[in-house]
Amino acid sequence: MRRSVFCGVGAFLPAKVITNDDLSLMVDTTDEWVFRRTGIKRRHVVEEGDTVSCMATEAAKIALEDAGVSATEVDLIIVATATPDKTMPSCATMVQGSLGCKNAAAFDINAACSGFLYALSIVDSMIKAGQANIALIIGSEAMSKVVDWTDRSTCVLFGDGAGAFVFKGQDETEKPGAGVMSTLLCADGSLGNVLYTNGGVASTGKAGYICMKGTVLFEHAVVKLSSAISALLESSALDVDSIDWFIPHQANVRIIDLVINRLGLSRDKVILSIDEHANTSSASIPLAMYEAKRAGRIKKGNLVLFAAIGAGITWGVSLLRL
C-alpha cells in the first residue's frame, strides 16, 4: 500500500514584530487584556517587499533542505492561502518558478484557516493515486493586509508568515506505519456570515477587512473540532492516549484548552506557538510543527494530530505518523 510520508518542514516569518504593547498605542487595549483572552503576546507582519509568494518560497526552501529533496524532484506544489499576491497567477506557480520546480504541477486552494489540512488531504489522495510522488504543501498568509487596524476585536488576533511540509510517496514496506493515517474534512456554508471579509474581486473590487462574530465562532470551534477529532480517532480505532502530540490551528488558546478538556488530552501534549505568531491562518500548523521539530520535541515514530477551523466555515482533522 502506498502512503504519504512526511519528510521535511520549513517556515518563514517577516522581520517586523508588533507586540500587544504596540497595539495599545493604536487601539483601546492592553497586553494583559489580549493575552488573557487569546494567549497572544506578539505577531509578525509583512513590510514592503514581503509577499505571500516570497514567504512561501522561503519556507519551501527550508522544507526541501530538511527533506533532502531537490527542486526538480518535486512534482506537486499546493499553496493554501486566503491572501494571495494576485488574483492570477497563483502563488503556487510563482513558488514553482522561483524554486525551479520545473516538473511540478502547481495550484492554490482557499479554505481559510483550514486550508493547510485541506491541502494535506489533497496531496495524500494524489500520492496514493499515483498522481504525485514528491509534494510540497505550503500555507502562507499576509493577514495584516485584510485586518482593520482600528478594530480591536480583530486586529489583535492575526499575524503573517508561511510554513511548508514535504511529503514523499512510499510503499508501506519501506517505512512501516509512517505517513498520513487518515483525514476528515468538513464544511458548513450556512455559517458563512460568522467569519468573512467584507470585500472581494467580483463584489467590491477590494479585498475588504475581516469581520467576525467572535462568540458564535468560538462556540462552533469548540464543538466541531472536538467532535471531528473524536470521530477520526474512532474511525482509526485509536483512543486519545495514542496521541503523542496535538498541533491545533493557533487561533485562540481558550478554544484549544476547551477542546483538549473535552477530549481528555493532556496539555503537555499540545504544541503552542500562538503567543509568538498569533493567528496566521493556513500557516499556523506548519509554523508550529517547525518550531516543535526545531526544539527537538517531535520525534520519528510520533503520532501527531492536526486540527483546524476557519471561514466558510470549514474545518478538518488529520493523523500523521512520523
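Cβ atoms are placed via backbone N, Cα and C, with glycine included.
According to Swiss-Prot, the protein has these features:
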ACT_SITE  C113  active site
ACT_SITE  H249  active site
ACT_SITE  N279  active site
REGION    250-254  region 'ACP-binding'
Summary of DSSP states over the region 'ACP-binding' (250-254), given as helix, strand and coil counts: 2 helix, 0 strand, 3 coil
C-beta crowding around C113 (active site), within 10 angstroms: 32
For N279 (active site), the three-state class that DSSP assigns: strand
Other CB atoms, at most 10 A from the CB of N279 (active site): 23
Cβ-Cβ neighbours of H249 (active site) (radius 10 Å): 31
Nearest-integer angstrom distance between the alpha carbons (Cα) of N279 (active site) and H249 (active site): 8
C113 (active site) and H249 (active site), Cα-Cα, nearest whole angstrom: 7
Three-state secondary structure, C113 (active site) (per DSSP): helix
Rounded mean pLDDT for the residues that make up the region 'ACP-binding' (250-254): 97
Secondary structure of H249 (active site) (DSSP, helix/strand/coil): coil
